[in-house]
Amino acid sequence: PAVEAGAESSPSQGLAAADGEGPLLLKRQRRPAAYRSMVHYLKVREVGGWGPARLQGFDGEMRGYAVQRLPELLTERQLELGTVNKVFASQWLNSRQVVCGTKCNTLFVVDVQSGHIARIPLLRDSEARLAQDQQGCGIHAIELNPSKTLLATGGENPNSLAIYQLPTLDPLCLGDRRGHKDWIFAVAWLSDTVAVSGSRDGTVALWRMDPDKFDDTVAWHSEAGLPVYAHIRPRDMEAIPRAIINPSNRKVRALACGGKNQELGAVSLDGYFHLWKAGSALSRLLSIRLPYFRDNVCLTYCDDMSVYAVGSHSHVSFLDLRQDQQNIRPLCSREGGTGVRSLSFYRNIITVGTGQGSLLFYDVRAQKFLEERASATLESSSGPARRKLRLACGRGWLNHNDFWVNYFGGMEVFPNALYTHCYNWPEMKLFVAGGPLPAGLHGNYAGLWS
């Protein structure tokens with residue numbers, strides 16, 4: 001998933017105190033400390049007294065401070081999602097709305113303030129060929145292009161790539177021609193009009209979208225008033241190389257765009273990381289065996305540090321492809337081997353969603369977890385060990401069906417795997433969602449942390 005940046009402080013706070021100092025400011029004008037204060041920064045920013053470069057530098061420092069302190073200030077408000085089964089993917093559309101995809105193949109928008117849910121019709125293939133065994137796959141990926149004018153996700157057939165226009169969510173096109181032969185697990189945008197999808201069939205596909213061209217060739221509404229969309233084919237499709245070990249399990253599980261150089265990282269379930277160069281076609285640059293290769297299901301990229309992070313059964317591994325030897329040691333989630341289920345980077349902090357319903361926060365530069373403030377202030381080395389900051393998510397909703405009764409003995413409390421999370425940094429909000437980890441259990445969880 002993608003993290004939004006841009007948190008700013010309100011210029012209205014603290015100005016009265018500055019005005020109240022009166023003539024004392026004249027005596028302190030030459031003191032550098034006065035020019036480094038928050039009050040001075042807010043007042044000067046209000047009248048435009050600093051140039052853009054200096055403002056950006058100070059804003060950068062404030063965002064760095066915010067990302068360190070925000071997690072311990074977050075509190076949860078659970079959201080009711082009805083009876084949908086396991087939220088696999090989510091993205092913020094604006095300050096109030098989050099779009100979500102579920103295992104039961106439901107695409108919907110939830111208003112985090114009112115709780116209102118609006119379902120989005122899925123796009124249907126030009127030829128009805130949806131097999132019965134595909135209906136339980138669901139929507140595993142939702143991604144917005146850089147300008148937030150297009151949304152990519154799965155179609156009614158989970159093998160097809162659906163593109164919607166934003167903010168209207170009108171359908172634009174569906175990639176259902178000569179594309180994937182199995183479920184789409186991951187999507188990444190390389191630019192505003194170029195996307196890549198990764199599938200369980202072991203292939204990655206390159207797609208190009210031209211909204212202006214589609215406007216000229218597609219009648220957007222039929223006589224019955226239903227939306228009509230274009231049906232497209234990939235510009236290129238490449239297969240993941242077969243590994244000597246476990247060659248049949250080369251399913252593409254996660255994708256991440258590597259900065260501005262048109263590089264794409266991919267993780268396959270056979271325990272490999274693959275790097276691709278994307279231009280008019282896809283060209284594989286390298287493949288690396290991962291140090292931890294069980295349940296590699298999530299991947300993210302840090303622009304500030306040029307580092308990929310891969311989530312596995314109980315670890316997060318870091319890959320700096322500029323270095324011959326990796327200098328960032330893997331972190332262990334220590335959550336009972338239930339797996340790392342979602343990852344996101346902001347600056348040097350990585351947020352980890354686990355299979356045990358908890359959020360962890362790791363400082364990659366310091367190579368340690370963020371700690372609870374009370375335990376972090378302990379000065380005695382002989383005292384109790386410092387406790388890492390851990391946010392425990394709520395119970396959510398669980399379907400008390402026959403499977404739950406027969407296989408789990410009617411267990412009332414069951415932790416939710418946090419399959420997805422996304423930040424709204426300008427408003428300091430975090431949306432988290434998921435559901436019970438066992439495949440047979442039916443349930444969901446969603447929460448707004450702010």
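The backbone N, Cα and C atoms fix where each Cβ goes, glycine too.
The annotation domain 'DDB1- and CUL4-associated factor 12 beta-propeller' is assigned in TrEMBL to 70-450.
Sequence-distant contacts of the repeat 'WD' (177-217), counting only residues of its own chain at least 6 positions beyond either end whose CB sits under 8 Å from a CB of the stretch, comprise 126, 134, 137, 140-147, 149-150, 152-154, 158-161, 163, 165, 229-240, 250-257, 262, 264, 266, 268, 276, 278, 281-282, 299. Residues or ranges marked as repeat 'WD' by TrEMBL: 177-217.
Counting residues of the repeat 'WD' (177-217) by DSSP class, helix then strand then coil, yields 7 helix, 18 strand, 16 coil.
In the predicted model, the repeat 'WD' (177-217) shows an average pLDDT of 88.
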